[in-house]
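Features of the protein shown, as given by TrEMBL:
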type	residues	note
REGION	1-30	region 'Disordered'
COMPBIAS	11-30	compositional bias 'Low complexity'
DOMAIN	39-504	domain 'Major facilitator superfamily (MFS) profile'
TRANSMEM	102-122	transmembrane segment
TRANSMEM	128-149	transmembrane segment
TRANSMEM	161-180	transmembrane segment
TRANSMEM	192-210	transmembrane segment
TRANSMEM	249-271	transmembrane segment
TRANSMEM	283-300	transmembrane segment
TRANSMEM	332-353	transmembrane segment
TRANSMEM	359-379	transmembrane segment
TRANSMEM	386-404	transmembrane segment
TRANSMEM	416-435	transmembrane segment
TRANSMEM	447-474	transmembrane segment
TRANSMEM	526-548	transmembrane segment
Amino acid sequence: MAEETTRLLRTPTSSTSSTSSSSSASSGTSISPARRAVLFASIFLASYAYGLESQVRGTYQPYATSAFGLHSSLATLNVLRSVVAAASQPTASKLADVFGRLNVLVAASSLYTLGIAIEAVANSVPVFFVGAIIYQFGFTCIVLLMEVLIADYSSMRARVFFSYLPALPFLINTWLSGVVTEAVLTHATWRLGIGMWALIYPICSMPLFISLASIERQQAVDADADCKSLVLQDAIPTSVTELFHSLDVIGLIFLISAFSLVLAPLTRIGGTSSHGHWNDPTILVPLVLGLFCVPAFVIWERRGARTPLVPFHLLGDRGVWASLAVRTLLNCAWYTQANFLFTILIVAFDFPIEAATRILSFYSFFGVFSGVAIGLLIYKIRRLRLIIIIGTILFMLAFALLIMHPGGASASAQSGMMGAQILLGLSAGLFAYPTQASIQASAAREYVAILTGLYLAMYNVGGALGTSLAGAIWSQTLYPALEANLAFQPNATLAAAVYNSPFDTIVHYPVGTEIRDAIITSYQGVQQLLCTAGLLLCIPMIAFAFALRNPHLSDH
């Protein structure tokens, strides 16, 4: 493993048959193995900090909204974060190409820290939401730039292996996050739990800033360098007008509006009044406006933009559109079963809270585990498509296993659920990051940032679509099923109680009682529908995987 890592860290070499563009890019990313090792170690340290923060945040946010007396606003907060994340990806990639990686990373880290500080001192939900939006924009930009930096300073051959570098902390943080949150909430409050990262992250990211600045200086004094620095671009706009066109501000407005106005209403659709309905003006109006922004964006990018945000000539390449489709369908399928997974684990499988919490992390844990291993394999074989296809097929088989084990307190049912979650993670590791490497291999270096941003944006688009689909299935099928299956008993309000407050209600009906069996049966039916929807989404995903190109990964 050590020898393999050393070889992976070697500087990409130029080929005599490379084009001038390729050579330029190669020299621009040519740094010594020692500098590359320091850079990647710094990326890991910064990723460890924001990775652990993002995991413990899921525990602190409910405490925060509850402290304000508006715990129900937690769902709205998560919707806002999802929309901001989706809209931020293309914006961040464009900024990184115009102002350089280091400048944008410093700015994003400042916003990330500022957002955390605002959240920690907030005394109302609106102020907390403002902090969350600022935080999410900074966080999303940081995550994107980590992947872009890895793409800048790794060969295509080693790209998948190093793409997992920011995700490696999941292998540790999955088990550590619970210890951290318990200690903080026992001896302090959620304010300290959130606020302490405004100090921890800047300290952990300082080595990365220093490393990037050092690389910039090296490239500046390199007499053989024949291209602009990747860390600090030479051609920074010198006027407001030039900056306006370089950033394609109008295109950004159309794109952000489309993401925000379409995704936010979709995540609110459901069969209950709290989620909204299709005939609700607060859903219809923004949805229509958002859909209008889509063709407006396309027309502007094709005919009006001087420096288009999206390279449409690349979107016609099957290596690009197939990759984007695989990423979208992956998340859409996963979120259909993951959105209510914790409730299913507690109510339908009777898992204890600690075990259910751990099972929720199986997807990330085993995905990173298999992804790192497959990255080394790809380094050897230099191909992607076959591995991606195998991953998508195994992903669909995991949904079949979920359908076979939709609920039940027996050991076999619980083992089936855990096995399916493990297979979901292992299979996703075979194609989530390899597909990202595939889309990066489909374009020249100057388009890597924007294509990576679009690819990661599809992550959030797919998640919002999957959440919307899961919410519609859940809200429109569970309550009727509970009413039908609980009709034998005299309590007419029991079905509503189970639907609205399942955790508080099931404690009165232990496993083995007739009422609990009826509740489990109801949840099993809905779980099968959710997983069937996910399985059906896997079919076109596999087809798009076959449509991917299969480039030979070079050492550049």
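Including glycine, each Cβ sits where the backbone N, Cα and C put it.
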Requested in this report: Could you give the residue numbers and ranges of same-chain residues that sit at least 6 residues beyond the transmembrane segment (128-149) on either side and whose C-beta is under 8 angstroms from one of its C-beta atoms?
Outcome: 39, 43, 46-47, 50, 54, 64-65, 68, 76-77, 80-81, 84-85, 88-89, 91-93, 95-96, 101, 104-105, 107-120, 122, 163, 165-166, 212, 436, 448-449, 452-453, 456
Report task. Check the transmembrane segment (192-210) against each of 102-122, 359-379, 386-404 and return whichever range has the most CB pairs under 8 Å. Result -> 102-122
Query raised in the report: Hey, would you say the transmembrane segment (161-180) packs against the transmembrane segment (447-474), going by three or more CB pairs under 8 A that are 6+ residues apart?
Result: no
Report task. Would you confirm whether the transmembrane segment (416-435) and the transmembrane segment (359-379) meet the contact rule of 3 or more C-beta pairs below 8 angstroms, pairs 6 or more apart in sequence? Result -> yes
Report task. Return the stretch with the most CB pairs under 8 A relative to the transmembrane segment (526-548), choosing among 102-122, 283-300, 332-353, 386-404, 447-474. Result -> 386-404
Requested in this report: Restricting attention to the domain 'Major facilitator superfamily (MFS) profile' (39-504), give the mean pLDDT.
Outcome: 81
